[in-house]
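Taken verbatim from TrEMBL:
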- 3-74: domain 'Ig-like' (DOMAIN)
- 194-289: domain 'Fibronectin type-III' (DOMAIN)
- 294-393: domain 'Fibronectin type-III' (DOMAIN)
- 372-415: region 'Disordered' (REGION)
- 395-488: domain 'Fibronectin type-III' (DOMAIN)
- 398-411: compositional bias 'Low complexity' (COMPBIAS)
- 492-584: domain 'Ig-like' (DOMAIN)
- 589-683: domain 'Fibronectin type-III' (DOMAIN)
- 703-786: domain 'Ig-like' (DOMAIN)
Amino acid sequence: SVPRCYLNKQLATVRVLKGEPAELSCTVSKDNVTGTWFKDGLKLTSMDGVVFEKKGLVHKLIINKAEDIHAGKYRFEGGDVKTEASIFVEDPPQVDKVLLKNLTSVPTVAKAGEGVKLRIPFEGRGPIRAAWLKDRMELGDDTRIRVDKTDTCTTLSISSCDRRDCGDYKVRLKNDSGVLEINLQLVVIDKPQPPAGPIKIVESSANNITIQWKPPKDDGGKPVQRYLVERQQVGRNDWETLGEAPRSCTSFTTSKVEEEMSYYFRVRAMNAEGVSDALESGEVKAAGKGTPGAPDPPEIISASRDTITISWKTPCKTGTSQIMGYIVQKRKKGTVTWLPVTNGPVKDKKLKVTSLKKGVQYEFRVAAVNAAGTGQPSDPSEPAFARDPTKSPGQVQDLKVSSSDSTSVTLTWNKPEDGNDVKGYEVEMRPCNSLSWTKCFTLPAESTSCRVQGLPAREKLFLRVRALGDGGPGEASELEACAGAAAAVVSPRFLIDDTVKSFLVIKAGDPIRVKIPFEGSPEPVVTWLKDGLPLPGRAAVSTEEGSSQLLLRAAELSDSGTYTVELGDGLGKRETFSFQVQITDIPRPPGAIRLEENVPNTVTVTWEPSASEQWERNLYYTVLKRESQKGLWHVLGDLIYNNKFTFTRVVPGRDYYFRVVAKNDLGASDPSETVQPWRIWKKKAEFRVKAQKYRGVNQKQPPRFLVPLKSHIVVTGSECHMSCAVGGHPPPKITWYKDSRDLSRDPNYFCTNDFGVCSLVVLGVTKQDEGEYMVEASNEVGRAFSKAFLAIRGNS
């Protein structure tokens, strides 16, 4: 009998990315087997991109470049054997690498009130689900934000952005083949918030008044430049400008005061985007000569349903004469009007205020009086209710330790049996070797648990909790606790991922904010260096559990360099991480231009270098010309890295003007231009008779694009240069279109055609220039078209 043929190796299922090679192979036991391949049940004789190969006992099906058509179930049959497997062609979402780099390397910057549109074109097998996330929450449509998606792109539009839109955004593209996530950053700049209050009166005398405030909590994304201080006299409507204070100073002294006169003050913060709303003070009175100072705030002694008893102390400054009494005033909490309590000064330093409304909360203040007059009033007292005293709440129930670790203990408890009058809880602790209690927390009435942190490991201590009410604190519940075992020692190391960049390019004036994650136990010592030296005084470093952040609010050119973060464990072991920062800015203009005719019928343009060459590595120049004082500028040369350019196509007898612009990745400088026209005098033409040329065979060819248009993504305010190469005979006529509109007569676009190399230049692009561009080439034989899309991004 003839031995049977059998399989040594079966086919195995393959998953391959679209565009990548794929291979199926099996091995049989006999060399003389002639195999047959099937796909989805149909016999394969030939297929585009598929090669059948047999080497000895091995039979292979090779796909050079996998496409969707190649996906399916394949079967090999030969002799007595049969084996099958599948090929799955994966096509996950993809985004153009240049676009991806532009979007992720530099934050998108927008001004408050402006619209922002972030457009992400993508490719991949449909359907593709696109989601936009901010702070891990998916964004949906509302009155300001709109998320749009087509089969090829997704767009996030914010109609009128504000500071709350700042932050990290993520675009998640997902289909059956995979997920692509893109991290973006949006920075919104605005005028600052008002300075933080309240305005404090540092000094008030007969000669001057000094006020003080705090910087705004939000500077609008741009550093505060200065503060504007104004004053209004009580009883008048107009405000008077007193002056300005630099951003480093948050106090102001004015000597424009009159004795015994009262004023209001207000302060505004200013940055590059505008002026904030005003922070206003209360009424400030310029003291008379020899009047007393302000006493301390009054203290609440007791209260009933219609009376409150207060007391106060003599002010530190009594003036030049003996204090004769005190003026006492009251107001309801939340109001601004102070009302007198008595008809005249009170001689005692204690007063029972009567005729109050039950259940209303009141504040009190006092001012001392002497022979020179009434002094400054005190700050308000603590608010107090006019109501009968209530008893204190009972003892909290079931106090216990629910959990603990090396440095903390978590407590839980239940409300007192009669917990209706509980207004909050107070948590205190003391060591075993001490009798004094230290307050840890004051919690709202809803909280019945807390975590006490920062405790020494394995050391016993006492904790107690008491309920708080209108009648005072209740009786405390107490227990003994101990923090858990010391945590395991973990050597310090950095947790570097894709969010931490090793090279940053920052525009001058923008903030530098770098956050470096790490781990280590015990907490490592973090040190920041720049070029091996301590950071400049402007730098702020904040280190929290697991990360350290460097912040420079307004980058300067001198901030370029190598920054290093060191982690030390206190035992001599150190870990370091370094990254490069390059500070750049829009270039400064080139210097004076010189023109020379070194070769007949040419002009050599030379210019003094831009001052930005000293600090900008990627600086280059663009040379433009026009042929009349009011004509359009046309680009002669771009990406010029020296200070010289020769223009060869000079027409004698025609006037030329030249301009040079310095450029980098952020945009273009102001131009440097020639003032006087350049002209080569036209020589008298010679008369010649030309013999008629021989006309050969018909060589007419329809237009065709040798190099098609390519899509571009540029920054607002920069220059866009679109080009293509066209062939054909006779030479085709070139016409440019934007969104089907002919650009031939539009002065905002400059078109050139140099021997079939066609260019369209847009100087200083705006959002209106975004759209689809098309170039048409036509001659008497035919027409051809090429299209591309221009996308615009905001300045970074």
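Just so you know, glycine gets a Cβ as well, placed from its N, Cα and C.
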For the domain 'Fibronectin type-III' (589-683), residues assigned helix / strand / coil by DSSP: 4 helix, 41 strand, 50 coil
Listed stretch, out of 3-74, 194-289, 395-488, 703-786, that has the most CB pairs under 8 angstroms to the domain 'Fibronectin type-III' (589-683): 703-786
Interface-richest range of 3-74, 194-289, 703-786 toward the domain 'Ig-like' (492-584), CB pairs under 8 Å: 194-289
For the domain 'Fibronectin type-III' (395-488), the mean pLDDT of the predicted model: 82
Residue distribution over DSSP helix, strand and coil in the region 'Disordered' (372-415): 0 helix, 18 strand, 26 coil
